[in-house]
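Structure provided below as C-alpha cells; questions to follow.
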Amino acid sequence: MAVTDTESPHLGEITCGTLLEKLQEIWDEVGESDDERDKLLLQIEQECLDVYKRKVEQAAKSRAELLQTLSDANAELSSLTMSLGDKSLVGIPDKSSGTIKEQLAAIAPALEQLWQQKEERVREFSDVQSQIQKICGDIAGGLSNEVPIVDESDLSLKKLDDFQSQLQELQKEKSDRLRKVLEFVSTVHDLCAVLGLDFLSTVTEVHPSLDEDTSVQSKSISNETLSRLAKTVLTLKDDKKQRLQKLQELATQLIDLWNLMDTPDEERELFDHVTCNISSSVDEVTVPGALARDLIEQAEVEVDRLDQLKASRMKEIAFKKQSELEEIYARAHVEVNPESARERIMSLIDSGNVEPTELLADMDSQISKAKEEAFSRKDILDRVEKWMSACEEESWLEDYNRDQNRYSASRGAHLNLKRAEKARILVSKIPAMVDTLVAKTRAWEEEHSMSFAYDGVPLLAMLDEYGMLRQEREEEKRRLREQKKVQEQPHVEQESAFSTRPSPARPVSAKKTVGPRANNGGANGTHNRRLSLNANQNGSRSTAKEAGRRETLNRPAAPTNYVAISKEEAASSPVSGAADHQVPASP
C-alpha cells in the first residue's frame, strides 16, 4: 500500500522539493546508502544542467534566426523602397529601436504594404506595356503574342508616367487612324451602293477585319490597310465618273427618242432613274444603284429598242390610247366596239391620209370626253354596286331562312346569325336604294338626253324588271305561307283532339319550308328561275339590245336572287317605274 501511495501523488503539489523529499522517503524505505544517494543526486543535477544547456542553445539559435529575418526584412525593405521610389518611404518605422521581435513587428506591416504596392505597380506597368505593344502591333500590321517583361528594379511613378504618356500618344494615333479607316470604309460603302457593287466583298479584299460583323476597335489600322483603302476609293470614284458620263449620254438619247415619238409620261417614268441624273455632277449622285451596271445596260437596251421601233411606234401609241379609252369605258360600264375602232386606226395609219399627230390629238380628245362621261356616271355606278351587293345579301338571307338548322349550336352558327341580322338591315334599305337610283338615273338621262346603259342594258329597264320580279317573288312567298297553314291545320286539330304530346309522325321542326321553295318549283308548276345581270342573260331579256349582241364582254355577276323570265314574258309584262313595284324586304 505504501508503494501505491508514493506512485500517485497529487499533480498539483509536485515541485522539485516535494520530489526530492519523496525520493528521500523511498531511499529510506529501500535502504539506499549515502554513496548511492550522492551518486544519484549528482546524476540528477547533471541531467538538469544538460536541459538548461539545450534550452540556452535553442534560444541562441532562435535569436540568430530572428536577427537574420530582421536583416532580410531590412534588406527587402530597402530594395522595395528603391524600386518604388522616394514617395513610398513614408510610414517606414525606425529599425534600430526596441527588441528584435518589436523591430520585426514594426517592419512587417510596412513590408506587407510595400509588397502590395509593388504587385499593384507591376500590374499597372504590365497593363500599360501590353497596350503599348498591342497598338504598336496594330500600326505595324503584325500581331504579337509575347507577354511584355516588366523591369521590377524600377517601378517608380515617374517611369509609369512615361509609359502612360507614350500610351496616350499611341491611343491618339490609333484613334486618328481608326477615324480615317471608318471614313474610307463609309466612302467605299456609299460608292459601292451607287455603283451597285458588293460592299462586303470589296472591303474584305482590302482587309478581312473591315466587314460589318467586326467591332470597330478590332478593325485594321495598319499602314498597308490605309494605303489599300485610299487606292480602292480612288478606283471607285473613277469608275463612278465614267459610269455617270455613260448614263448621261444614254439619258440624252432617250429623251430625244421620246420627244421624237411622243412617248407618254407613264413610259418615260419607267426610266426616271436614268434621266434624273442627266445634269448631275459626280458628287450629287448618291442614290443607291443609280449607276449600277445593269441599269446602264438596261438603258442601252432601251435606246436600241427605241431606235428599231421608230417606224412602227405610231401604231403602238395609237393602240395604247385606244386601250386607255376602252379601259375608261369598261370601268364606266359603257359598251363599245373595240374591234372596229382598232380596224379604223390601222386603216388610217396604213393609208397615210392622216397625219399621226392629228390622229393622236383626236384620240386624246376622245379620251378626255370619255373621262368626263365616266365622272358623270360615277355616282350612279357606285349606287348600282351597292344595290347589287344588297341583292346578293338578300339572296343569301333567303337561303339562310330556308335552313332548318340555322339556330343549331353548330360551329360558326353565331357568325351566320350576326350576318343575317346585318343582311336584314341591308335588305330593308333596298327599296330606298332603288328609289334613289331611279331618280338619279332619270335626272342623268334628262341632263344628257340619252339612255343610261349599264354594260349595254338600260338601267331603268333593269330596275323596273327587278321591282316586278321582287313583287312576284313576294306574292309567291305569301301563297306558300298560306298553303303551309292549310297543310298544317289537320295535324293541329288531331293533336288537340287526341293528345297534347307530339306524335312521332309530326314534323320535327315547325320552321321547315313546305312548298315549291323546297323543291325549286312553284305551287302550280311554275318554274322558279334566277335572273343574272351578265352579258349572256341580259341579251335574252333586254328590249334595248339586238338578239345577237356580243357575249364576251366581262361584267360583274348579277344578284343571285333574281327570278329569270323569258323574252316573251318580259315583252308582254307592263314596264313601269321601279317605285311602282317595290315591296317590303323579306325578313
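Backbone N, Cα and C atoms are what each Cβ position is placed from, and that goes for glycine too.
Keep in mind it's a predicted model, so treat the numbers as computed, not measured.
Relevant sequence annotations retrieved from Swiss-Prot are reproduced here:
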- 46-84: coiled coil (COILED)
- 151-181: coiled coil (COILED)
- 234-257: coiled coil (COILED)
- 290-317: coiled coil (COILED)
- ALA409: site 'Microtubule binding' (SITE)
- ALA420: site 'Microtubule binding' (SITE)
- 461-489: coiled coil (COILED)
- 474-494: compositional bias 'Basic and acidic residues' (COMPBIAS)
- 474-587: region 'Disordered' (REGION)
- SER503: phosphoserine (MOD_RES)
- THR526: phosphothreonine (MOD_RES)
- 531-542: compositional bias 'Polar residues' (COMPBIAS)
- SER532: phosphoserine (MOD_RES)
- SER540: phosphoserine (MOD_RES)
- THR543: phosphothreonine (MOD_RES)
- 543-553: compositional bias 'Basic and acidic residues' (COMPBIAS)
- THR552: phosphothreonine (MOD_RES)
- SER573: phosphoserine (MOD_RES)
- SER576: phosphoserine (MOD_RES)
- SER586: phosphoserine (MOD_RES)
Could you name the stretch, out of 46-84, 234-257, 290-317, 461-489, with the greatest number of CB pairs under 8 A to the coiled coil (151-181)?
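The stretch with the most contacts is 46-84.
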Starting from each candidate's C-beta and looking 10 angstroms out, tell me which of the recorded sites ALA409, ALA420 has the most other C-beta atoms.
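Comparing the recorded sites ALA409, ALA420, the most crowded Cβ belongs to ALA420.
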What mean pLDDT does the predicted model reach across the coiled coil (461-489)?
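For the coiled coil (461-489), the model's average pLDDT rounds to 87.
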